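Colleague: I have a structure here, written as structure tokens, and I will follow up with some questions on it.
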Amino acid sequence: MWSAFFWIWIIFYLSALNTLLNCLKENPNIPVIAKYFGTKGRYEEVNPYLIRDILAVNRSSLQPPSPQCREIHLTAIIRHGTRYPTSKNVKKMEKLYKLVQSSARGKDRWLHEILTQWTMWYTEDMDGRLVQKGVEDLKHLAVRLSKLFPTIISEEKLRGGLIKFITSSKHRCVNSTLSFKAGLTEMWAITDVEFQHAVNDALMRFFDKCTKFVQEVDNNPSALTEMDKFTQGPEMVRVQQKIADRLNVSYHLITYDMVEAAFYLCAYEFAIKTENSPWCRLFDEIDGQVMEYALDLKQFWKRGYGYDINSKSSCILFHDVFSRLDKAVNEHHSGQAVNEAVTVQVGHAETLLPLLTLLGFFKDSETLTSTNYASQRERSFRTSRMLPYAANLVLVLFDCGGRDIRLQPLVNEQPVVFPGLADQQESMPLYEDIKRQYAELLNGCDYETVCELFKPAEP
């Protein structure tokens, strides 16, 4: 039975999509492939109403079962904001730029602009550092979440030490954490005190420490066989040929790495500078869809549902989240003030996707493979919508009277339904029902065991 909430979400999604399409028509500065950038996409493409008002919120999307429901705890797991490309991608982009400079012979105006006006300004030492747009991403997110949940993300709770901050050690995450805090302190004009954060890579970079994941997936080239097959298949070959034609160069010069570099050049120029770069003219919308699928295959098999260890590597973060929720519920039931009203944890796409996968979100009935691109056009597993810069999973505990404690999940500020609980009428299920749904993971999913941390080395 479909819940009323499901239809509310569908209506909201269609409305958001219509808003995005209108924005694309009204704003020629938005590339036609902007909504296909995967993990390199802007947050605004997921929530297009933010293009007009970056601080807009939609409180009506929250549907508590009773007007007396009030927030008692919020946990937010957030990806860092917009960043520069990594040194690895800068090298690929430099190689493409040199090829175009030396060999392109097309006569289009956009190509003339690349050849005579655009300069290769990305350098290897940028290496994934947060850009100014990334600072703004987190500042604005902080303000919006405080507007969505004003009684819990408040100046009083911040000053009272009830809002805790945890981050990955990577500079882009630390700076994103500082930016989130700045969003709050600037909004409330707090200048007399600084708020601390804790660096915790065990939680926010669990994937680095999970031996089984590192050996079987991360460092195993065959783990991405499906992506490799797709990048050599007919859909991608056609994209390569079209780009070669647009540049008027030989087909053999445009490899998949060249296509990816061009795609990233378009994405970074847009995400960092909000410019519809001439590099974007190398792609049409169909090309963008093919590229998005290739990148989704990579994420599916390396961080998502492709291998069981991908999600199980996040067991340590999963247990940490539920222990915080349990602690808040127990303190509330005992009449105590909740000691940690808000927890803000800043990490990576590689932090968020395994956890979303472990919880069962965005799971399709059919596995993503190199051969089912056409049948996966309407897939749920779409990283452009799941994992833009500043992507977030927010879990909010509500007290709805008595011992009626409920939990509302939001992904990128939009309410979602816990898998397996979609037939409930309420958009906010009982917390105890959610714990029953995940009982197997709560009673097991031991990080040290699943990651084989203490497995003896093979002779």
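Backbone N, Cα and C atoms are what each Cβ position is placed from, and that goes for glycine too.
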Colleague: Consult TrEMBL and report which candidate among Cys280, Cys315 shares a disulfide bond with Cys266.
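Modeller: Matching partner in the record: Cys280.
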Colleague: Looking at the disulfide bonds in TrEMBL, identify which of Cys23, Cys69 pairs up with Cys400.
Modeller: Cys69
Colleague: Which residues does Cys69 (disulfide bond) neighbour through Cβ under 8 Å, counting only same-chain ones at least six apart?
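Modeller: Sequence-distant Cβ neighbours: Phe398, Asp399, Cys400, Gly401, Arg406, Met428.
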Colleague: So how many other Cβ atoms are close to Cys400 (disulfide bond), meaning within 10 Å of its Cβ?
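Modeller: Its Cβ has 18 other Cβ atoms within 10 Å.
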Colleague: Return the count of C-beta atoms lying within 10 angstroms of the C-beta of Cys266 (disulfide bond), excluding that atom itself.
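Modeller: Its Cβ shell of radius 10 Å holds 26 other Cβ atoms.
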Colleague: Including all protein chains shown, what's the count of other C-beta atoms within 10 A of the C-beta of Cys280 (disulfide bond)?
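Modeller: Cβ-Cβ neighbours of Cys280 (disulfide bond) within 10 Å number 22.
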